[in-house]
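Here is the structure we will look at, set down as C-alpha cells.
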Amino acid sequence: MTTKYQAPLAAGWLIRAPSLLSPTQRHWLFRPGALTAGLRQLGKVQLRVVSEHAEGASLDEARAMLIAPGSPVWVREVLMSVDGIDSVPARSLTPLAASHGSWQGMRRLLTRPLADMLYHDRGVTRSPFVCRRLSSPLPFYRMALPPNHDGSAIWARRSVFWRHGQPLLVAECFLPDFWRKVTLGRAIPPLKAHDRRA
C-alpha cells in the first residue's frame, strides 16, 4: 500500500502528535499498518458493529474526503475490545455511491475488520495519519464517548484510503481503559513484518 497526499487539514487535526502525549500514545496514534494486527499482540480482539447507516457528511469529514458537506455517505461504526475491555471505537465512511461501487465490500464485512479488505489490494492508497483530541460537535465524539467517561482526554487518529478515485475515511480513537491496559503490559509491541506496511 502506498501513501497519498493528505487533503487540507480540517480544524483541530494535527499532522504530528503534541509533546504532551507519552511515547506510547504517540506510537499508537501514528502506528502504521492494520490497527487490529497491533491490538492482537495485546490480547484477544473482538469487534462489535454499533451502527451502519446513511447520513450527510459533516463539514469536518467532508473536507477530509474532498467532497461537499452534506453529501450522502455510508457510515460504519464499530467498537473493538481487547480481552473484554472496550478499547477502540472506529468510524468509517465513504460516499454513498462508492459503498455500492469501489467500496462495496464495506457493506459485507459484518464483524470482520476493515483491514480484511484494505491491506490485500495493491490498488489502495492511504493518506498520512492525523490526530486530535476529540470534542463536541464532531460526529465521532458522540459515538466514541464511553458511558463511564471520567473526563480524561480522548485522542483519535484518522486517514483516508483511496480506491479508483473514491475515498474511505477511517477514524479510530483510544479509550482511557485502553491506555491503562497497555501501561500494565508491553506498551509498544514490536511490529511484525506484515504490520510494517505504510
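Just so you know, glycine gets a Cβ as well, placed from its N, Cα and C.
What Swiss-Prot says about this protein:
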- ARG76, LEU114, GLU172: substrate binding site (BINDING)
Greatest inter-residue Cα distance in Å for the substrate-binding set ARG76, LEU114, GLU172: 12
CB within-chain contacts under 8 A for GLU172 (substrate binding site), separation at least 6: LEU35, VAL88, PRO89, ALA90, ALA156, ARG157, ARG158
Additional residues around substrate, ordered along the sequence, whose Cβ is within 8 Å of the centroid of ARG76, LEU114, GLU172: VAL78, ALA90, ARG91, SER92, PRO113, VAL170, ALA171
Residues that sit under 8 angstroms from LEU114 (substrate binding site) by C-beta distance, when 6+ apart in the chain: ALA90, SER92, MET106, VAL170
Same chain, 6+ residues apart, C-beta under 8 Å of the C-beta of ARG76 (substrate binding site), given in sequence order: VAL49, SER51, GLU52, ARG91, SER92, LEU93, MET106, LEU109
